[in-house]
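Down below is the structure, laid out as structure tokens.
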Amino acid sequence: MPLAAVSLGLLLLALLLLLRHLGWGLVTIFWFEYVLQPVHNLIMGDTKEQRILRYVQQNAKPGDPQSVLEAIDTYCTQKEWAMNVGDAKGQIMDAVIREYSPSLVLELGAYCGYSAVRMARLLQPGARLLTMEMNPDYAAITQQMLNFAGLQDKVTILNGASQDLIPQLKKKYDVDTLDMVFLDHWKDRYLPDTLLLEKCGLLRKGTVLLADNVIVPGTPDFLAYVRGSSSFECTHYSSYLEYMKVVDGLEKAIYQGPSSPDKS
């Protein structure tokens, strides 16, 4: 019995140390995504992403992107947490779009289309957004979301893995260089895909990289690279994790051209 108590105590201590290491933001995400959501899906007989789309279709105004964003934010605040960029960080994204007025934007990670709607609604006539999404179900929901918002002509959805699609952009999708890249996919892909964009000649002097979730869940290797390279000028925007009072942030990295990876 004492041995069992000691073992339990050590297990609890290890769990607490793990939680401290991960941070409560990641723990909260884990709880929502891997505990509550599967139970909810089982009870409802559908997926969270389908429920978000249905809520938008029932509560937003067709052809009105702002009402689509507000409906998604309402659902994710009041009903189920979801990994959209959210309104707090979304306002930072809006400011960046307005400042640089990009003609060609690449988004890595579409999810349900929230950020695609958010960016596309601010693009100038003739500008376009390419969004890459590996999950075919998410890609289908993003297309329906864009159709409902009336933005389908501004956005092209590319279904597949970013590392496979990026090398195809020049020949298959008529891309010379990109004006802006929004990174919001797998966090361990931020750095490899940034390097791949450089290697493929898709970045020009002045290309804006805007990366979400650089604090939670965090992208330490990406931040170390862009902040430590004279190829980028970086600005950090502190904010909150979507729909939570957990500190997160966006990183803006403006490409300066190829150079030494170490700043002098």
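A Cβ is built for glycine as well, from the same backbone N, Cα and C atoms used for every other residue.
Pulled from Swiss-Prot:
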BINDING   Asp184, Asp212, Asn213  Mg(2+) binding site
BINDING   Lys187, Asn213, Glu242  substrate binding site
MOD_RES   Ser259  phosphoserine
MOD_RES   Ser260  phosphoserine
MOD_RES   Ser264  phosphoserine
TOPO_DOM  20-264  topological domain 'Extracellular'
TRANSMEM  3-19  transmembrane segment
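For the recorded positions Asn213, Ser259, counting C-beta atoms within 10 A of each C-beta gives the highest total at Asn213. Close to Glu242 (substrate binding site) in the fold, though at least 6 residues off in sequence, lie Cys76, Trp81, Ala82, Met83, Asn84, Val85, Gly86, Ala88, Lys89, Asp248, each with a CB less than 8 Å from its CB. In this structure, of the binding-site residues Asp184, Asp212, the smallest number of CB atoms within 10 A of the CB marks Asp184. Between Lys187 (substrate binding site) and Asn213 (Mg(2+) binding site), the C-alpha separation comes to 8 Å. For the pair formed by Ser259 (phosphoserine) and Asp212 (Mg(2+) binding site), distance between Cα atoms is given as 25 Å, rounded to the nearest Å. Apart from the site residues Lys187, Asn213, Glu242, the chain places the Cβ of Met83, Asp184, Asp212, Val214, Val216, Pro217, Leu241, Asp248 no farther than 8 Å from the centroid of the site's Cβ atoms, the recorded substrate location. Listed in chain order, the extra residues whose Cβ falls within 8 Å of the Cβ center of the Mg(2+) site residues Asp184, Asp212, Asn213 are Val85, Lys89, Gly109, Leu183, His185, Lys187, Ala211, Val214, Leu250. Reduced to three states, the DSSP call for Asp212 (Mg(2+) binding site) is coil.
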